[in-house]
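A.B. asks: Heads up, here are the entries from TrEMBL:
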type	residues	note
DOMAIN	119-275	domain 'Sodium/calcium exchanger membrane region'
TRANSMEM	181-202	transmembrane segment
TRANSMEM	223-243	transmembrane segment
TRANSMEM	255-273	transmembrane segment
TRANSMEM	294-315	transmembrane segment
DOMAIN	302-444	domain 'Sodium/calcium exchanger membrane region'
TRANSMEM	327-346	transmembrane segment
TRANSMEM	367-392	transmembrane segment
TRANSMEM	426-446	transmembrane segment
Amino acid sequence: MNHHGRNDQGSTLNDMENGIVSSYEDDHHQNIINGNNNNKGESYGLLGGKSGCRSPQNMSSSLLRKKSDPILVSHVRFQMLRAFLTNLQEVILGTKLAVLFPAVPLAVAADFYHFGRPWIFALSLLGLTPLAERVSFLTEQIAYFTGPTVGGLLNATCGNATELIIALFALQQKKIDVVKYSLLGSIISNLLLVLGTSLLCGGLANLKKEQRYDRKQADVNSLLLLLGLLCHILPLMFKYAAAPGIYVGNYTLQLSRASSIFMLLAYMSYIFFQLKTHRQLFDAQEVEEEEEKAVIGFWSAFSWLVGMTVIIAVLSEYVVGTIEAASNSWGISVSFISIILLPIVGNAAEHAGSIIFALKNKLDISLGVALGSATQISMFVVPLSVIVAWIMDIRMDLDFNILETSSLAFTIIITAFTLQDGTSHYMKGVILFLCYIIIAACFFVQKTPLNNAALFNLGPELTPSSSGVLTA
């Protein structure tokens, strides 16, 4: 069984965990790497390559990872302890953001000992940053064992897990404004801040090179974003088109729920389009680099993913529960914290990776990160939040109010114009980045109280008569 001279015990444990048989090792002996990483090449061969398993978000986050040294745990005598330490090394210490992990227990301790709520909020935000990157890493590890289709679905559902979990906890506490603000901020942040700084840095680093990208994928994402924008504008226009004294809250809510169902159908069509019928459009952004392999086993990755999700849920509950206290303590509006600060934290890993790829003149990946994440929030997380709120009997609609919807519309339109010619330079990045700064300044000076909902949205004290006129 060990006639190739394998002597790495950690690799043997991983093989036992994932059911890799030695006959498979014989066929792929040429891919075996000497030392402690020999079974990783086998895992790669079992998966049939990395293409299709890795989304642009995964590739972007991978730039913040660092290789671990297996020698540190290879001499541990007990097999189970060695396996645990190996996984701990890969999952916790395998990222350059590991320095922020102490914020996680500090946030829990701050809540347990009843420290100031702004401190709990700040520590929770810091703790969410490495956790978001680690979720991307773990879904990628699982994708190596499930194949490209299931891996793509995992990336499609877990790519913005932090934003989704925060939204669900905000819904549970009936803080609908926080849900809308945070999701709106994620879309704007990806399209203006992430994409803008990537184009800016990439343009400055490649002044003497022509920067080009494939417009086909950008066109698909732009169309989906415009469809999502239509679903936001119609409920808003419904409200302002009504005659004075006519209650349209129920009609707006019904329209929003129906639109959310169609948005989810459009997103599922997009996933099928991406993974099946037109996969070549998205595979084109893959780059030839050192082959990536699974570094931990399937069940280990799955267990860590469940654990990380639970921790994200705990910190998200802290964030939602303390956001108003932080707003009052810092003198910053809840809208600014939700639209600007929360998305910056949630997208930090992808943001850094997107800039690095742009510096390398690999704009297809940078665009895949920014547009892919924005599309996922707009066409999956937002309508899913509306449907979940419907199940919870909470009146959440797609009316994000005039200022927020106008900012979203401007963001999507200027991004579509920016990407229409298939070329890039630093001036495009300057414009997008400055647009983000101006929108951030707008919400910074806005001091609208949380849950000060418009009459047309909630207004439970008022009910429409059979004719649609408001009655007390």
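Glycine is treated like the rest: Cβ placed from N, Cα and C.
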A.B. asks: Under 8 Å, at least three CB pairs between the transmembrane segment (223-243) and the transmembrane segment (367-392) (pairs 6 or more apart)?
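C.D. replies: Yes; at least 3 Cβ pairs under 8 Å.
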A.B. asks: Under an 8 Å Cβ to Cβ limit, what residues of the same chain, 6 or more beyond the ends of the transmembrane segment (255-273), are close to it?
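C.D. replies: For the transmembrane segment (255-273), the list is 152-153, 156, 220, 224, 227-228, 231, 234-235, 238, 375-376, 378-380, 382-384, 386-387, 390, 396-399.
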A.B. asks: Take a look at 181-202, 294-315, 367-392 and tell me which one has the most Cβ pairs under 8 Å to the transmembrane segment (327-346).
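C.D. replies: It is 181-202 that shares the most Cβ pairs under 8 Å with the transmembrane segment (327-346).
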A.B. asks: Quick one: DSSP breakdown of the domain 'Sodium/calcium exchanger membrane region' (302-444) into helix, strand and coil?
C.D. replies: 119 helix, 2 strand, 22 coil
